[in-house]
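Enquirer: Take a look at this one; I'll ask things after.
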């Protein structure tokens, strides 16, 4: 098959061309002439031959007649085999290649047409030899087809044209048939019988039936004269299954009735009517020949049914050979000349033969793919071209922009130069004016000097005083200038220090009472790290200098200095003492090195407000938390125009610093006194360790700090010791160095450090604190917990309305149950860390900040709880503190009425802690939760049970289909039958292809038979049946492939997988089960096949040897025949010479005596006798040759049969080789098969149900 893609030598794909059918090649009709010998009847009428042969291509009537030239001329001696080899064999070869072919025998009555086409039993004509040659050619093509992809279908039909009516020679009941024309298939006869033949015997049987039905009658010129035109049509369909291509070729073998004259044939009645119709159709044939020869615009094919049938053979798509049969008798001279003239005209006709091959879908797909590749390639080339052009355009645009910029710059430079030139001109003018002014001033100065010198003696005292005043003024001006420059330098230096120094962000907490609003304000004080004392000294120096200036300078200078100072003092930002006292700043430190750490601990968990005392334009957080570089507690940076400080400012700052130090000392003294009290109390207590919880000090998520709880019990005192690790201040410097406004407002502060129990934040990593708390006898004193901010945990109402047993409950998750079980009978009471607000605020801020922020990851809550999860925290303060607490309680109760919602705390464990106030019992899971869990588990189990049932049903159905489906070969035979019916040549087409083929076949049948004919409905029903069966088989194969694909782990994907050989073999093996039962039988059968193949191969060798021997004998015989023919020709020449001599002698005999005539007659008789003997010898040799030819044909047929048997045996052996090795029979499989056989009817019924379910 021609491929639409052509590759050159370089491997590049050439430009694709649209796949076209083979182009026709113009060729003339081949015309040969055959002259029969004189018949016995003609010899009896003393008729003689008037035909003269010049060579193998020229002939003339009489010696001096015109010559007729043809492609080949056959004389009296040429045999049937020679005619076939020269005329018919090339047509048959082209017919096998896919061309249409036609062989026509034309001539007068009794000229030998039927003998040439049909022959007799002893000497076969062209038709039987053509059939034999076709089968031989098909067998050769099958031998060359190693892939077994070629399929052949040979159909044969016969018709006759009798009295201008078409009859079916095979089925005599079909008469008066109609001629149709198809766009692709050409001319065809509607309703004619087409018989598929598979062997030569079937073809011979068809020919015998057709010849018996032909119209034959006896006339004066022929005892068995054909009274009709007969046409034998042979159609060959060749299908290449691998390439999905097909070729359809037709061969027409035409035996025309002879033209005749009524007075010669003696036709009367019906014979006369037959002769008229014959002559009419032959005359129409002559008109067509003339029209084709002359190149007329219109060819009268429709004048006769004969020319209509032969339309493709004459000037159409066919390779045509015309045999003109002539009679040598002088009685038929006119008819012979007419026949020769007909042949001369016919050989000028040109046909357009071509291979009748259809363009396949595969070729079109390849062509489309090639076009798509070329399109993609051209698209990429266009993209590259456009990309390169765009780059060039972009480069040009960039160059243009650069040029424009250069032009603009050059214009600017020109303008600048022009402006400079103009300024130079103006400067020159100004300079000239100044020079003139100087010259004038010199003149005036000289005049003044002269005037002063003249009055020097008169104004001496005045000049002395004036000089003193001028000196003082100059000194004052110089001093003032120096001070101003120095002050400017110092201001510049301060500005640089402010830009380069770092500012601490001191977080001052507004420690309101516990009953205040939940929003707690923090004030950020930005302080400089500069030295205030040095600045003050510098300011004092400035003041002293200014005072000196005031004493020495005049009043204007003093006024200017005072104005400057007054203007600068307006920018001083000094907070009032009352404002600072309202913030209750408490740093809880012993020294100034831990200020930042103390601020961090106090601010943990509080929400920071956005109000600032002042702001700095340049903040450097890198050193803000550095302990060694910490500034004083309150320091205010100076603005850019900060003037020298006054005494009041110095006094204010000194008082403020002294007050902070005094407060620190008082707090330290208070703390030391508390420590002594605690130590004295712990000596009378007994210590019991409850439990130890190991936690990580670095605060990763989900892990707590290591805390050791120790309960010291006595009669009325409980001492709690809390040991935990603190965090180095240096580790907090980067995380809490400085907070900006946006961070504070969005409440996304960094995690504050853990709650610590230390009162002095030094670099020591572990500290211990113990405190003694007196337990009152009255349980109502538990209300003192409100001082720690736990009033939010309680229910509505004041502390007076609370019940004695109401406690705050911390509800923990399941993770804490195990720890609680170890402490079943112990209630732990946690006391406060410190006396000051620092420790209390830490715990309070933890609860409040978590509650207000809504997130629980910042500060882990450390609490001690009993077995029920109840936390009890008691605190007893001094009377002063209790009075403050009562005020706080009233405000907190008001807040409780507005905010009543459970508080959620987050511990470092995985489960959050919920504080409940309604009961002291641990919450238990609800019944609805348990029911939902059970439902989920039941749903899971139910889905698994359903899946198991479906899997079991699938496996059972697949095993049943395995046992009861028909074998693969049977289904393949059925499938191929249906596919051939629809004209499909692939074994596994898709459903779309099947539907399309059905539609095409039905439309073709409608065109052939008509929409209302019975044949059309029969064909349509058969097409529908084939379509339904094929669709059903496709569904079955798909279902089986899916089942077996899941069983044997093959990848099935519809028709593509089913078409694969591995899938076919797997399905075949699974369904036939040959590998279970047939191990020994297969081996024995395979051995028998091999031995039989060996025997047949030996027989074929012997047969080949016999054939070779016969061929050698045949060659020897033919050589002998050729020698005899040469001798006969020589003797014929001698006879001719002697005949000429006899004629001369006869002419002389008339003048000679009777005695001389007798002698000549005797010589003539002897010569004739010799000729007769030679002719008999020739006939004998020809008979031997025919018998040898028949024997050779028979041997060839035997050889082909043997070869077919060998192929069949090889195929079976190949199937046996492909079959898997037999497995060991399984007794379980035998039991299952016996069980299935017993329950066969039940299983068959279920199989049909399963099959319907699959459908």
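For all residues, glycine too, the Cβ spot is worked out from N, Cα and C.
Values in this document were obtained by computation on a predicted structure and should not be read as measured data.
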Enquirer: Scan 1-26, 27-52 against Swiss-Prot and say which stretch is down as region 'Disordered'.
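Expert: Checking Swiss-Prot against the ranges 1-26, 27-52, the region 'Disordered' one is 1-26.
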Enquirer: What count of other C-beta atoms do you get within 10 angstroms of the C-beta of residue 109 (ATP binding site), across all chains shown?
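Expert: Step by step: centre on the Cβ of residue 109 (ATP binding site), count other Cβ atoms within 10 Å, giving 25.
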Enquirer: Which state, by DSSP, holds residue 110 (ATP binding site): helix, strand or coil?
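Expert: The residue in question, residue 110 (ATP binding site), is coil (DSSP, three-state).
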Enquirer: Across all the protein chains here, work out how many other Cβ atoms are within 10 Å of the Cβ of residue 107 (ATP binding site).
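Expert: The Cβ of residue 107 (ATP binding site) has 26 Cβ neighbours within 10 Å.
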Enquirer: Could you work out which of the binding-site residues (108, 110, 112, 113, 114) has its C-beta surrounded by the smallest number of other C-beta atoms within 10 A?
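Expert: Least crowded of the binding-site residues 108, 110, 112, 113, 114, by Cβ count within 10 Å, is 112.
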Enquirer: Write out the long-range same-chain contacts of residue 111 (ATP binding site), meaning residues 6 or more apart in sequence whose Cβ is under 8 Å from its Cβ.
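Expert: Residue 111 (ATP binding site) has long-range Cβ partners 36, 258, 325, 326, 327, 339.
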